[in-house]
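Among the features that Swiss-Prot reports, disulfide bond is placed at 25-36, 53-144, 119-136, with the record citing sequence analysis. The domain 'C-type lectin' annotation in Swiss-Prot covers 32-145. Summarising the annotation, Swiss-Prot assigns signal peptide to 1-23.
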């Protein structure tokens, strides 16, 4: 009996470590590099998606992407969740003055554009990821992101 409990506990630990959801992210959210992410299949325009993300968790916004690795992580999540892998990111050009910015106020240090209107969608194909600019009024899926809770931050 003790051996069964030990083996069961070991399998549970392995399952939880491979599930992609860290203890510091809420259920249903995936963890990457200190942030929590969730892809939503609901179709919303950019403003409604941003508002929805803001209501999900303190500090949650449409996702900002800062590296190829982060982009690949979000792309993999999207391809598992969405039928059509086109989703809003937090990157927009709110005043239409060619001053692009992330909705979470992080620095624009990584970008992979293909075209140029006012809000940005990430499209995941089988072997490639593209960013397209699309009119903010279009309705597509979206991905939200927030900084993961840290035990150290609570002290």
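If you go along the chain as it appears here, the first residue is 1 and each next one adds 1.
Placed from the backbone N, Cα and C atoms, the Cβ positions cover glycine too.
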By Cα-Cα distance, the member of disulfide-bonded residues 53, 119, 136, 144 nearest residue 36 (disulfide bond): 144
Taking DSSP states H, G and I as helix and E and B as strand, how many residues of the domain 'C-type lectin' (32-145) are helix, strand and coil? 23 helix, 41 strand, 50 coil
Cα of residue 53 (disulfide bond) to Cα of residue 25 (disulfide bond): how many Å, rounded? 15
Could you tally the C-beta atoms, other than its own, that fall within 10 angstroms of the C-beta of residue 144 (disulfide bond)? 24
Roughly how many Å lie between the Cα atoms of residue 144 (disulfide bond) and residue 25 (disulfide bond), rounded to a whole value? 13
Rounded Cα distance, in Å, between residue 136 (disulfide bond) and residue 25 (disulfide bond) is 29
Across the domain 'C-type lectin' (32-145), what is the average pLDDT of the model, as a whole number? 87
For residue 119 (disulfide bond), which residues in the same chain are close in space, meaning a Cβ under 8 Å from its Cβ, but six or more apart along the sequence? 46, 88, 91, 92, 93, 133, 134, 135, 136
Under a criterion of Cβ-Cβ distance under 8 Å and sequence separation of at least 6, what residues of the same chain contact residue 25 (disulfide bond)? 31, 36, 148, 149
Counting other Cβ atoms within 10 Å of each residue's Cβ, which of the disulfide-bonded residues 53, 136 comes out lowest? 136
Around residue 36 (disulfide bond), how many other C-beta atoms are within 10 angstroms of its C-beta? 24
